[in-house]
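Below is one structure, written out as structure tokens; the observations come after it.
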Amino acid sequence: MIPAHLRRTATTAALALALAVLGACGGPSESELLASAKELIAQQDLKGAAVQLKAVLQKQPQNGEARFLLGRTLLDGGDAVAAVVELDRAHDLKYGDDQVLPVLAKALLASGQTKKVTDLYGQQALSEPRAAAELKATVAVAYLVQGKAERSEAALNQALTADPSNPSARLLMARLTAGKGDTRDALAQVEALLKDDPKRREAWLLKAELLWVGQGDADAGRKAFEQALVVDPRYVQAHSGLATLLLQRGQVDAFKARVAEMKKVLPGHPDTRFYEAQVALLDKDYRSARAIVQQLLKARRAGPRTLQLAAAIEMLDGSTLQAQRYLTEALDLAPGQTGARRLLAEAYLRAGDPDKAVSTLAPLVEGSSPDADALALTAEAYLHSGDVRKAESFFKRAVRVDPDSTKARTALALTQISGGNTGVGFSELESIASGDRASTYADLALISARVRRNEIPEALKAVDGLQRKMPDAVLPHYLRGRLLAQRGDHAGARASLQKAVSIDPVYFPAVAALAGLDLLDKKPEDARGRYTALLEREPKNPRAMLALAELRYAAGAKPEEILSLLVDAVKSNPAEAAPRVALIDYYLTRQDSKGANEAAAAAIAALPDDLLVLDAVGRAQLAAGNTQQAIATLGKAAAAQPGAAQPQLRLADAFMAAKDYESARRSLRRALEVSPRLLAAQRGLVVVALNAGRPAEALEVARSVQKERPSEAAGWQMQADAQMVQRDWSGAIASMREVLKRGGPTEAANRTYELYLAAGRGGDADQFAAGWMKDHPGDVRFLFQAGVSRMVQRDLAGAEKVFRQVLALRPDDPQATNNVAWLMVQQGKPGALELAERAQRLAPTQAQPMDTLASALAAQGQLDKALDWQRKAIAAEPANSALRLGLARLLIQQGEKASARDELEKLSRLGPGFAGQAEVARLLKTL
């Protein structure tokens, strides 16, 4: 036995000798490592090949062939994102396009970057036919995923022209054939390909999908997936397809076993981790599921389905905004992802934005092959928004697309109700709803039908049935709350809505409904607290931020505070249209065209194709007098919505502003082509005809509306408008009397009152007003507008008398108080100053009471104080040029002619945009 110290010496010597030998030979050369990697690739040892290729690149980072082979190996091993990185480098190193680009395009496609594939390679030409065919086939698949079928077919034809036998192109042809509904022919094409190449794993994969999805034969599909795995046990797509099949069939144990097998053969692979996250979700281990998905996202493995899974986890955790962001990103990568689109619509519904849900689902419900589930979800969105008629319409459409027994019976019942056979229809609906314990389809249809008929007790009973099926869901409690509020049971409504919010604290419709009840109870701070609480959970929730701004506006908050809230909403949600539109609209309400146009410019730069933004920008341009820009903007919006009437109405407004009456008429006619009985378009035609000096044409439209709607007031109102332009006061009064007979609103009564005044029949006007108030005691709106009409007629004493009637009904009304004070100032009556001060106290942040107070002070000779209040009024409403004109008058009275001239010249520079230019010119001549 060798002594220990000699053993140590011998070991040391041997190690030294080995190191010396290694140092002498230097290990395998780069060419040897590359050759070894190629052999390993041929043997399907992708992991070993990757090790060898990385060793080459450590020694030769600029080796283009090694980069290419490593990228292709990573792609074949299922790591598409890493493959893209290496293939990009190979391309940068000028390795041949014919070799790199077909594989790089496949890697981009596999990583979900379909748009990048089409953007980069849609027009790319390659010299080698097989390479060109392979690239064009991949481009065709990318177009298909984006839902661009025509471009996909064009690219496919280019691929087959380059190489008719190309397997990728032949597989895609089979896919397109299946997409047209001919699954049998598609299967025949795949079988022919497998006969030529039985080890073509992609063909086995497509066969599995066609059998499972196309023919509904999940067992045969499963066998084809398994055969693909026989050909290549590490084939990621086959593992994924088989896992998805098992999960969708509810075979949870088999699904978990498949994921366990993936962990053995593909440990750490993104797809393996993806399904591990789904296993965690099934086990309700949300923390682990989120941790896995976040790892995938951080490692830039964020394909569309990973983003969709991340969104599902966020929704389970109550974070609908984050879910929306993930799903929006998923749809940016793959616009044709039906599941992601439906889930995004559900997220919008949960966040209380049914309009966005409807627009998100639009691509799935339009066209010749609408998606039945999307139609049903659209119906639910309309139910959330309270549009019962449209909800019922979409329920019926869903049934026509997918006439299974339950839905077909539901549609038949709805049809019977619509046809007047209500007893049988409702009995059948109730029977379906109670008998189908799994689906809520009939329950929602029953609720919508009851609400449409205003049968609240029966609707509440149907909601009870819905709740039994959805005990932990927010919707039944929300619907019950709305129905109870509609019935006047505010306490019951509040209890139901609070239950809804306790289930889902960020469900905006319930929060907003509770805030509405708070306002009815005159508790604005409670309403404000609800939105604040929601924002604590979701600090960037745009609807809550806008609701808070609206509350503060209603409370008379300073403009700076409201603008701050709106600007914060825009900054927090730069890709959202609603905050930008709200900001533009707020500037417009303040007559701040400069602010509106700055906000509009920012909005159009951020969201150039958003239809809501285009509409708001067009309105801002109109307000600023930029009619041609407005026509261009609103024309773009109208062209993008050929089937919508509203954009044509907006465009007609722009043409009217430009005095292009013929173009306005065409736009209105287009609106009527879309919606033949659209009153807004018919009214527009009357206005156009009157402005164009064609009253006979206006009367013709009015009489056609009377025939269409004999029991309605609209046609008579239009006739009165035409007669007013012709100064036919008696005829107009008679027409307005017909409007009132048909239940015309307060506005119609005010119009009748104005006509009596215009005809010089003041006594008749007073008599009419007395009769109206006798029949409608407490109608302050009528009295207020009657007072305004007297002011327009310069009947100051008569106007004061009417506004004092308003104050008798509403002693603390700030507008009426201000108007009486102003009228007293104009008439030189005593007591005007005290009343003006009271008006200012009632509305401390509003400009008009400050303006009146300044006038009252000036009338008392207190010019210093008057100027102070006038400047405060301008600070409160800086875009109101009339206030600056008032300031100029006060400065003239004070003897400050230079300052007055400065103000007047500023107003003069506004040109026709300011209606008081004649007075400005008159005052300038006095200086």
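Each Cβ is built from the backbone N, Cα and C atoms, and glycine gets one as well.
What TrEMBL annotates here:
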SIGNAL    1-26  signal peptide
REPEAT    133-166  repeat 'TPR'
REPEAT    372-405  repeat 'TPR'
REPEAT    645-678  repeat 'TPR'
REPEAT    847-880  repeat 'TPR'
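Per DSSP, the repeat 'TPR' (847-880) is made up of 27 helix, 0 strand, 7 coil. Summarised as a single figure, the pLDDT of the repeat 'TPR' (645-678) averages 90. Here the repeat 'TPR' (645-678) has Cβ contacts under 8 Å with residues 611, 615, 618-619, 622, 627-628, 630-631, 634-635, 637-638, 684-685, 687-688, 691-692, 708 of the same chain, all six or more residues outside its ends. For the repeat 'TPR' (133-166), the DSSP counts in helix, strand and coil order read 27 helix, 0 strand, 7 coil.
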